[in-house]
Amino acid sequence: MTVGCVAGDEETYEEFKELLDPVIQERHGGYKPSDKHKTDLNPAHLEGGDDLDPNYVLSSRVRTGRSVRGFCLPPHCSRGERRAVETLSIEALDTLSGDLEGKYYALKNMTDAEQQQLIDDHFLFDKPVSPLLLASGMARDWPDGRGIWHNVNKTFLVWVNEEDHLRVISMQKGGNMKEVFNRFCTGLTKIESLFKERKYAFMWNEHLGYVLTCPSNLGTGLRAGVHVKLPNLSKNAKFEDILKRLRLQKRGT
């Protein structure tokens, strides 16, 4: 969350559009209230991304969020709603097969050591501590109703009830972003179909695209990133300017 405001449910973006439309327009490069969102998650349309230099790129990942229609979003949901989202997610994810087959791990059943190891390995989210997240209600009833699902190889993960109902992540070591994106699209499409089989849809409309808790994540909700080894360049005084010109964000490790 990066814009200082969040949505409590799907209707928030319409009921408080006088507040949120300017935020969306500023955060999304002039996106107007009359604009219609375009989403293309066909991995065949991705150009390049399969040959990032392994001497520098340590790992690659793509993630997005999804919200389940019919439930309030995490800042406003009740304990019962959060548990219902968790139960629904477990039922759907447990039917994934092949390379996507995996298991769900509830935070409340993990030992401190197990949880910390997953956090250290960059697989799991930590308990919110920032004032922005705490003020948004993200730590209510912690860790009840939260957890992580991942496949056997830990290359496809789903966080349940963190900032969004679902946070879907594809990741692996090395620089083959095309492979990461292909797995991401395949898994995400399958998850959406599994929810539809259970008579649930993801929040979406033709203006905002996929509706998520933070206005900064509206649309596809997609973020792509690489963990790169730049020991010298990262110390250069011009590093921040280089990132800005390349339209890249620096994130912590």
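A Cβ is built for glycine as well, from the same backbone N, Cα and C atoms used for every other residue.
Predicted, not measured: the structure shown is a model, and the values here were computed from it.
Under the heading ATP binding site, TrEMBL lists SER59, SER60, ARG61, VAL62, ARG63, HIS122, ARG167, ARG223, ALA224, GLY225, VAL226, HIS227. Summarising the annotation, TrEMBL assigns domain 'Phosphagen kinase N-terminal' to 1-29. Under the heading domain 'Phosphagen kinase C-terminal', TrEMBL lists 56-253.
Recorded features from TrEMBL, shown on the structure.
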{"residue": "SER59", "record": "ATP binding site", "DSSP class": "strand"}
{"residue": "ARG167", "record": "ATP binding site", "DSSP class": "strand"}
{"residue": "ALA224", "record": "ATP binding site", "DSSP class": "strand"}
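Around the Cβ of VAL226 (ATP binding site), 17 further Cβ atoms fall within 10 Å across all displayed protein chains. With DSSP classes pooled into helix, strand and coil, the tally for the domain 'Phosphagen kinase N-terminal' (1-29) is 15 helix, 0 strand, 14 coil. Contacts of SER59 (ATP binding site) defined by a Cβ separation under 8 A and a same-chain sequence distance of 6+ are given as MET171, GLN172, LYS173, GLY174, VAL226, HIS227, in order along the sequence.
Neighbours of ARG61 (ATP binding site), defined as other CB atoms within 10 A of its CB across all chains, total 20. Of the binding-site residues ARG63, ARG167, ARG167 has the largest number of other Cβ atoms within 10 Å of its own Cβ. Among the record's ATP binders, SER59, SER60, ARG61, VAL62, ARG63, HIS122, ARG167, ARG223, ALA224, GLY225, VAL226, HIS227, no two C-alpha atoms are more than 19 Å apart, and one pair sits at exactly that spread.
The Cβ of ALA224 (ATP binding site) has 15 other Cβ atoms within 10 Å, all protein chains considered.
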